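Take a look at the structure set out below.
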């Protein structure tokens with residue numbers, strides 16, 4: 001009897017520990033240090049830079065939850081598309097700046113931004129957000145600045161992950177972009193499970209778009225398993241792409257990565 005009780009107690013401890021670890025919110029990048037980068041800006045003064053960015057987010061960058069707070073990244077940030085979706089905190093010490101950090105997401109590529117080892121080509125809205133009240137245009141008129149930056153957790157409260165199916169997708173070729181991911185913001189692996197099938201790994205394109213060409217027609221509904229790039233956390237968007245799906249459509253899931261505590 002004592003042996004059975006001990007085994008039961010041990011099982012409960014292991015199970016409790018498992019859930020404590022599994023359900024713990026993402027605390028990614030809290031311990032990263034501030035480094036130096038260069039910034040410029042492009043597009044309209046209060047705009048998103050462009051809605052045709054290389055990452056493939058389209059006009060979503062101008063809407064909730066991104067609200068134009070995005071940036072093109074130089075080669076060290078864009079990382080041949082693997083940097084798409086990553087979030088960064090920036091702060092500026094110029095007299096026109098508030099010195100309070102802002103947060104931006106990488107949504108585009110700036111291949112010519114190589115003057116510094118790390119360079120953000122910000123949207124006009126994001127560049128101006130660094131400024132003191134009423135000083136946005138004066139700051140933008142400077143054109144170029146040095147800032148401090150560090151990697152940050154993406155945080156989109158009350159927003160679930162969405163799957164934006166590519167306009168060229170068909171039963172033999174599935175491709176889509178994942179939007180609104182909390183935490184790391186980008187992915188180490190994305191897998192698709194068609195109806196009655198097994199999970200299949202997708203190929204990351206040079207953007208936030210992932211694709212799969214299985215050689216046979218795929219039928220929905222589809223489960224999507226997402227593995228976060230840095231933390232390695234996994235979530236499954238069950239049935240997020242329905243049986244009767246359409247190319248170009250956006251499908252909203254019921255899941256997202258846990259939102260972390262406030263960063264310093």
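Including glycine, each Cβ sits where the backbone N, Cα and C put it.
If you look up Swiss-Prot, you'll see 55-84 (among others) marked as disulfide bond. Non-local contacts of residue 84 (disulfide bond) by the CB criterion (under 8 A, 6+ apart in sequence, same chain) comprise 54, 55, 56, 57, 78, 106, 107, 186, 207, 208.
DSSP assigns residue 154 (disulfide bond) to a strand. In this view, residue 154 (disulfide bond) is surrounded by 26 other Cβ atoms within 10 Å of its Cβ, with every protein chain counted. The disulfide bond annotation in Swiss-Prot covers 87-154 (among others) and rests on sequence analysis.
According to Swiss-Prot, the feature disulfide bond maps to 92-97 (among others), an assignment based on sequence analysis. Residues near residue 92 (disulfide bond) in space but far in sequence (CB under 8 A, at least 6 apart, same chain), listed by position: 39, 98, 99, 130, 145, 146, 147, 148.
As annotated by Swiss-Prot, domain 'Expansin-like CBD' applies to 172-253.
Taken from Swiss-Prot, the feature N-linked glycosylation site covers 30.
Marked as signal peptide by Swiss-Prot: 1-28.
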Find, among the disulfide-bonded residues listed as 87, 97, the one whose Cβ has the highest number of other Cβ atoms within 10 Å in the structure shown. 87
